């Protein structure tokens, strides 16, 4: 631009322009240009800008200095621009890689004293396999005993001698709490006294009564149990329950009396008293077995070889036979098997005649067990503990034990362990006991199948399983689900009963609800990898033959608790193994919900996983939408609520205060006959309700009596044991709410009054209505218990169209409710059996704490040969929360208690008494408790506050009530 033609403000100051011509020419040019531009715009909008960039005014903010993100990265890349940093300072911009690890596992296969190929070869010989569950009371030394077996077979697994290895406590939570939570399988090769090797599949189980469901899962796939008993504590609460459970599962029982060092080093009992203590334990166990078992040959005795003695802490384990073998190896020329038969009971050794007699030669003579076993044991322990420097080396030389100077300088505990380990050697006595008294999978298969398989034992499949045939059709029973290290997936653990399972094989997984008629609960899966589990490491194998335990990958998706795995084709008659029957009941319940409601799907996924992980855990959704978890006790639910948010769902979860489940029952017979008509007015059912005889509900639940029996056998049982008349006994239609439910439906109609053929045609519908009604009672939607419902009359339509299930089922349920409400209904609450161990001076404090919680003591006795007392008591489960903490506070931590569900008991008071006013935040007196429990349970479930009888009574029935002048406490 020529600066002389313009001033500093941009005004033109040059010579005059030829305006007329210029304007005309400029106008023509502009017009031509505009026409051209219009044409171009029609063809291609936007060309104008490109052709004449200098002709338009562009604002500063519209100028384009850089290419757009779309031009740089391409149209397929989404770019998001945020003008503000929404990420909190606590969250890193680049998050570290998060690894979830909840179990303690070996990184590589450890060195073993046997080759892995040898272990795999033994799997093919079922006669050399033993499937054993180690069970016992809490802290009676099961895990420590397995540690000894692991050390024996894994020479490089060294540990600090002052600290337990706890090799089977693979969860970090188990290590932190110091208590076993999960059953852990271990497979090792162990030699017997003669040096013959056997493959041992050992299940180490938790000792706490809350986790007895884990024991049940282990027992199902075992052929025998080794019951561990602390020599100082003796038979405890869980010991007795486990004996009963093992006998019910028809398993071989052997006993290991553990921690015998406590008798010597802690209680300081003389050898004779120690013998009496050990004999008392054996006698007590035999007494319990005879109480629960009908098999008179099931006797435990060290003479028979089914009792061994051990001290896991000091690596001691012997039977009479293995100790006699030590004498034979030391002195020679001794028939150790004959010698062992004379080492228990009232048998004495006469040193003059060198013979054994049943009569003491002198007044100071000791029994042979004391003289030949306890006294040498006492001397070894006393020498090591008492006089290490002077006489110990000489004593050890006499025993043929040689220690280095460095080993002699060890602390007392590791030194004593080392000396005992060298003296007693390997745990061959334990192996002898299991080999002789626990059947191999081949021998134990038939009783196992008869007890657990729902199909016929005489079929081809049943015979293949009874023979433990590795070439037969595949049948595998899984009882446990183990999560992976990160808690994302599960592996199924079970026992192959027939055939051989291969990696990569297609299989059919049958769930617990599968039947030949309804195959919905089944799925075809492909087996992933297969492992043999050894606690902290797994040995991968290509196949597992019948008789062995196996950990299976890839079949976890359809399995909830237990499953039956079979071949997908050609095995159509395969039926399932019956679900686990636990020896305890889940009565404690808590409600859970996510802190952030949008994370509900994550919580539901976590609930599904935790349901797989804990065998007896139950999860359900109430009508109010509340998610409820039911468990056996406080510790059990505490472990569940550790795993659910941290391991399986990774979200924050709110937990409600714990409550208990209730049951509903009646205490009298219905005051009048209750009837209900179907909606089409064509059918009418009349019933009454009355209480069952005492003990009958428990017999049904424990399967002492089964509805599947024929009518004659069923009739005889009720006639002889419960004094029923034969007609009523043979007229039992069903138990409810299922085949082992504690209620009975009886057809008490007369052929002269009722058309039995028509009634029989609607039997299934009436039974279904009865079972529906007993599953959800009218008081607070809880299970009905201990009630007998009698059908007194029935009017049934002639046409099948008018007596369909849609008419009969709801009517049967309604008449069940009305008969129940007319029979003085009551609530029942669960009661715990509590066992407390405490010193004598703390016993009074235990009484005080129990009395404050509606509890009462039933027995209070000293433990023989111990300074402790055992207090046995009952306490309502609803008042048991925090009981253990309260007890320890009052006894300065000296008392230790365990509690387990025992029975149901009627809550004092009438739940339907409207005259009772429930005042908030006030403890209610005893007569008001039933009303309080009912109202609060109904509120929590989202039900109306009181029972409305208009739901359950038809108009004709209400008129009948008015005629009979029956006073009702229920709101209309």
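Keep in mind that glycine also has a Cβ here, set from the backbone N, Cα and C atoms.
Copied from Swiss-Prot, the annotated features are:
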BINDING   136-143, 204-208, 258-261  GTP binding site
CROSSLNK  64  SUMO1 cross-link
DOMAIN    127-409  domain 'tr-type G'
REGION    1-54  region 'Disordered'
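Here the recorded positions are 64, 139, 142, 208; the one with the fewest Cβ atoms within 10 Å of its Cβ is 64. DSSP gives residue 142 (GTP binding site) a helix state. Averaged over the domain 'tr-type G' (127-409), the predicted model has a pLDDT of 91.
Within the same chain, the residues at least 6 positions away from residue 260 (GTP binding site) whose Cβ sits under 8 Å from its Cβ are 231, 274, 278, 309, 310, 311, 316, 377, listed in sequence order. Separation of the C-alpha atoms of the residue listed as 'SUMO1 cross-link' and residue 136 (GTP binding site): 81 Å, rounded to the nearest whole number.
Look at residue 260 (GTP binding site): DSSP puts it in coil. Its Cβ placed at the centre, residue 205 (GTP binding site) has 28 other Cβ atoms within 10 Å.
Note on residue 136 (GTP binding site): other Cβ atoms within 10 Å of its Cβ, all shown chains, come to 25.
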